[in-house]
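Participant: This is the structure, below, for whatever I ask next.
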Amino acid sequence: MAPLHFTIFIFFSFIFAISSSSFAPSRHPFDPLTETELKLVKTIINKTYPIGPSHKFTFQYVGLNEPDKSLVLSWYSSPKHTIKPPPRQAFVIARDNGKSREIVVDFSSRAIVSDKIHVGNGYPMLTNDEQEAATELVLKFKPFRDALTKRGLNISETVFTTSTIGWYGESEAETERVLRMMPFYLGGTVNMYLRPIEGMTILVNLDVMKVTEFKDRLTVTMPKANGTEYRYSELKPPFGPTLQNAVILQPDGPGFKIDGHVVRWANWEFHISFDVRAGIVISLASMFDMDVKKYRQVLYKGHLSEMFIPYMDPSDDWYFITYLDCGDFGCGQCAVSLEPYRDCPAGAVFMDGVFAGQDGTPAKIPNVMCIFEKYAGDIMWRHTEAEIPNLEITEVRPDVSLVARIVTTVGNYDYIVDYEFKPSGSIKMGVGLTGVLEIKPVEYTHTSEIKEEDIHGTIVADNTIGVNHDHFVTFRLDLDIDGSPNSFVRNELVTKRTAKSVNTPRKSYWTTSPKTAKTEAEARVKLGLKAEELVVVNPNRKTKHGNEVGYRLLSSPPSGPLLVQDDYPQIRAAFTNYTVWITPYNRSEVWAGGLYADRSHGDDTLAVWSQRNREIENKDIVMWYTIGFHHVPSQEDFPTMPTLSGGFELRPTNFFEQNPVLKSKPIKITAAKSCIPKND
């Protein structure tokens, strides 16, 4: 493997950063669509569907049309990529006069090669433009303005967030494309989510852009603005805790290289791109094996598939809050520009994200992704040997990893999503939750005042309940462990009683009982029910000692859904019923909650696909993994929430012949108190 070399200086008042603009882009089958390509898509489609007063046509999603996997792998495996790459195409979901239209645009022919109307339930991802238009509509709506006047509130201090409303058994004809508008009041704070104006039901039909329902139950309780400030510039002393200023400098620059969207670091090579729905997409991740002197496949493609966030208050103001964030709002569309030295450390390289706006015009999110080397004081491996007479040995290798990061802010929550690559061959997916609680106003300021049997949360401040809720974050991981044909092994750890014939004082031990899943049903896993290791292996590749090469799943503490199976939100989010699913590769099965998540009926989800119970042994398979959080809010979550983290790891198991980082050279570390000379 390539050696890891960099020097770390810790000192005050010095900043070093690298811009990704110095890296020239290159063509790759998985490169995200460029601004030029998005403009071309708009031009080609508008020739067929001209936009005018009598023809409402909006771009809801524009992304790279998934290329044929066999063609991608042929291109990738060819020497210096001499084989022609697969056709480059864009996949578009549009709203066309009240219908969802799916269009494929081919760039080489500059033509539409597929065009069909979606038949079925659900609606496409919302655009920023239509959410803003709905807000402007309600702000001008007289019954709403009158309701504010009754409460003594000022329209200029009122802001909105939008909420999808889910599905609760309505027929397809009754399931209109509507948003529920949720008003908040500033009145001395910018922490809007902590001052909701409750008691109103406001529905906007997006296809006709009209308020179709308005009800006012006139509740007037509202939390105070004081104590909600979180901006450093506006906070008052005393400050604390005090942390020492520090900057990490790599004098020779970062240890990774970026060629277009291909990243090479240590023994890793992978492609990174941006998608308006998924956020970061990692593709063709391979590891260099020193023993065989070549890159070996690990991950064909991995990304966020869906996030399910149900709140646990069944009242009229809350029951509908059961978001499917990626499918409803777009985890890429909601991604934010990252702050150098705060969101990402010194030495990070930043990349922009480009997507199509509602009219097809390209929009850019600057610095939406960052890549950096992470040195956190961890140890890659070590051993001290003191048992040999007259000899003491200590060998230590500091650990370094490479992180690709994106932050998506969906309403009140900020999600930090990390893909971390380690020289040992592991890939860690991490999710951090921070931001602001979604709260419910109440009359109470103390638990002794509570009259209801269940307040559905915790009193976190005066007149403020942080409502109980869940976060389920589902990843789609198309693993190709040393090639595409893989199998899924459930290696159960079984307790055995020691045989009486064995001469030992021990009464028990555990051993392994591996079972290869033959169908999808055998591969559905609820973690925590029994002790087992979950391994994706390539049964066609073995080590010199006869072990199947593979990657093992190291999971986070399991948190599964607690809603009943026939509750409508859980029907739509049935992909959370199991922590792990294995399905055969199908390029149309990408989004765990369905391609059309908004107001979906749960009939096009991972759970439905898996009911076909297809064969998965020695096939091209996909792993789906869900990180779960049950969040009972606490006072420490107010007014902003310290980051709560979870994740999982894919770790080599018999993939290499021995420890792949055994011969890694120790990195050189230099500490300096200051870069500024002392005055005599």
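Every residue gets a Cβ built from N, Cα and C, even glycine.
Here TrEMBL flags 1-20 as signal peptide. Marked as domain 'Copper amine oxidase N2-terminal' by TrEMBL: 28-115. Look at TrEMBL and you will find 124-218 tagged as domain 'Copper amine oxidase N3-terminal'. Per TrEMBL, the feature domain 'Copper amine oxidase catalytic' maps to 248-662. As annotated by TrEMBL, 2',4',5'-topaquinone applies to Tyr413.
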Participant: Tell me the residue counts in helix, strand and coil for the domain 'Copper amine oxidase N2-terminal' (28-115), as DSSP assigns them.
Facilitator: 26 helix, 31 strand, 31 coil
Participant: Let me know the model's mean pLDDT on the domain 'Copper amine oxidase catalytic' (248-662).
Facilitator: 96
Participant: Sorted by position, what residues of the same chain at least six away from Tyr413 (2',4',5'-topaquinone) have a C-beta under 8 A from it?
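Facilitator: Listed in sequence order: Ile309, Leu433, Thr434, Gly435, Val436, His471.
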Participant: Could you count the residues of the domain 'Copper amine oxidase N3-terminal' (124-218) that DSSP puts in helix, in strand and in coil?
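Facilitator: The counts are 28 helix, 28 strand, 39 coil.
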